[in-house]
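Heads up: the structure comes next, in structure tokens.
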Amino acid sequence: MEIVKMHGLGNDFVFIDHFQGAPAELPDYPELARKLCHRQFGVGGDGLIMVLPSDKADARMRILNSDGSEPEMCGNGIRCFARYIYDQGYVSQNPLQVETLAGILTLQLSITGDQVTGVRVDMGEPILKSEQVPVLIQGDPVVGARLDVDGQEFEFTAVSMGNPHCVLFVEDYETLDFERIGPAIEKHPLFPRKTNVEFIIVNSPRELTMKVWERGAGPTLACGTGACASVVAAVLNGRTERKVTVHLPGGDLLIEWGEDNRVYMTGPAAYVFKGVLLEDALS
């Protein structure tokens, strides 16, 4: 089985290409994701991405987290996906459209010569109704709501970018018990489908710093949907302007919540390697 490894700001993915046809005997994809994403016994990655044909868009992206769970969307993953299908010649038009569980997204490639140097994604409108995030608390939107974690109280804003996010504003990371609070909020009963968790420091009205605990993946170097949700939350709380640079451990994303109520994300997509999986890796 051939694979390609890609990353968006260090948020890394193993790609399996079924665009031109899947094998007769399909693998157990959740189990395959757990094996391949393992940092010691597999390839290593935050997720497994399948490249599939679509009758609604130019291609369909299916993604599985490193624990085998299937999220609705992944911002860094879809940038890598767009570059991959363009470079493979599966699409020639620009912009292009990709089908996901969160709907059909439009992506604009920045191309210099014959190289894709960046990808701008129309992430759609943020979902702010509590039952659609979903979060079991009253409020449309849920802004400045209170959350109890092991006796410690936090204020949060709930946003969905096709997948749920709990955004918290903090003063620093030194006093934050990230490894305890992150997973506790991810699995908090207020979030029936679990949630991604973003811890945000506001640097200025045009800059945020973000640390993320991803649902199903844990700490990652970047989260595109999380960066989008964080800017929406920051605007709702009156902390930033609508166009913001978000600093993540893996690098920067430019996020804009447009006056058309759509969120736009711009960032890189890079290759790591391509190779062939041996039978030992699949057994």
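Backbone N, Cα and C atoms are what each Cβ position is placed from, and that goes for glycine too.
Here Swiss-Prot has N11, N65, G75, N76, N163, E214, R215, G224, T225 binding substrate, and the candidate from N196, N261 in that same listed site is N196.
Note: G75 (substrate binding site) has non-local neighbours G8, V121, M123, M161, C223, G224, T225, G226, A227, C228, L253, M265, i.e. same-chain residues 6+ apart with C-beta under 8 A of its own C-beta. Residues P71, M73, C74, G77, V212, A217, T220, C223, G226 surround the recorded substrate site, their Cβ atoms falling within 8 Å of the Cβ centroid of N11, N65, G75, N76, N163, N196, E214, R215, G224, T225, which are themselves excluded. Compared over the binding-site residues N11, N163, the count of CB atoms lying within 10 A of a residue's CB peaks at N11. Most Cβ neighbours within 10 Å among the active-site residues C74, C223: this distinction goes to C223.
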